[in-house]
Amino acid sequence: MGLGLWIRTGVLMAFLTALLVGIGYLIGGRGGMIIAFTIALFMNLISYWFSDSIVLSWYNARIVSEEEAPELHYIVEKLARQAGIPKPKVAIVPTMVPNAFATGRGPGNAVVAVTEGLLHLLNRDELEGVIAHEISHIKNRDTLIQTLAAVLAGAIMILVDFARWSLWFGAYDDERDSGSVIGLILAIVLAPLAATLIQLAISRSREYLADETGARISGKPHALASALMKIEEAIRYRPLRRGNPATAHMFIVNPFRGVDFAELFSTHPPTEKRIERLRKIALEMGIVF
């Protein structure tokens with residue numbers, strides 16, 4: 001792992017740890033801060049080594065063998081070879097909402113996950129375009145920081161829920177005055193926004209890069225553009241109802257429509273802009289669509 005990625009990962013983990021500790025302090029004072037810091041250290045360790053398993057479990061994703069999904073394995077193996085990385089494991093998510101994501105610490109232990117809905121919606125070329133995009137995240141070593149962010153942001157949301165319950169049902173006396181209540185309200189409002197901004201910071205530019213890298217790996221920018229349009233349209237009418245919004249940045253298209261309240265705070269670039277960039281890449285490759 002390059003120095004730049006180590007620095008980005010360290011900054012991310014430090015910031016999220018500080019956010020967790022701050023929320024802990026607002027909930028339980030010094031004792032809450034100590035507990036939150038202990039949880040943060042534990043979560044950092046667990047998320048580094050087991051974050052891929054955690055994310056897969058959130059979506060009941062199942063690792064499938066070549067015998068179970070021969071065509072899918074063939075596509076993943078071919079594109080991984082063209083990208084110059086080891087073949088990732090292959091997982092299928094049991095939902096008809098079309099989407100895909102990659103997870104893992106690095107190319108040596110990565111997983112590419114696709115939903116059942118994606119396999120039903122896309123043709124072969126479009127599926128290759130999507131998988132090439134996910135392979136690119138692995139090749140560009142985005143998966144570690146994306147997965148860490150998902151797990152730690154998920155922990156933040158759990159503490160925010162706890163803070164909300166503490167605010168509603170907690171008993172406050174003169175020693176814990178209105179300042180504590182105001183602090184809890186600020187935590188409830190601002191912590192999710194901070195988590196979203198972190199996702200935004202690590203996601204948007206990397207999505208453009210994965211689009212470009214994937215298009216060049218597969219040689220089919222037009223197929224990826226078509227896939228993005230189909231996925232976007234399907235999610236508009238059938239968003240993912242169950243799942244953790246903290247993982248939104250991991251998917252090729254945000255599956256949680258309605259979570260982002262403005263393009264400014266979207267975890268993904270607008271699909272139209274991604275397609276326009278793919279058109280330019282296609283022209284460079286001598287492809288018109």
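From the backbone N, Cα and C atoms, a Cβ is placed for every residue, glycine too.
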Matching residue for the Zn(2+) site, where Swiss-Prot names H133, H137 - out of E66, E67, E207:
E207
So for H133 (Zn(2+) binding site), how many other CB atoms are inside 10 Å of its CB?
28
Please list, in sequence order, every residue of the chain apart from H133, H137, E207 whose Cβ lies within 8 Å of the Cβ centroid of the Zn(2+) site.
A102, E134, S136, D142, R206, L209, A210, D211, T213, G214, I252
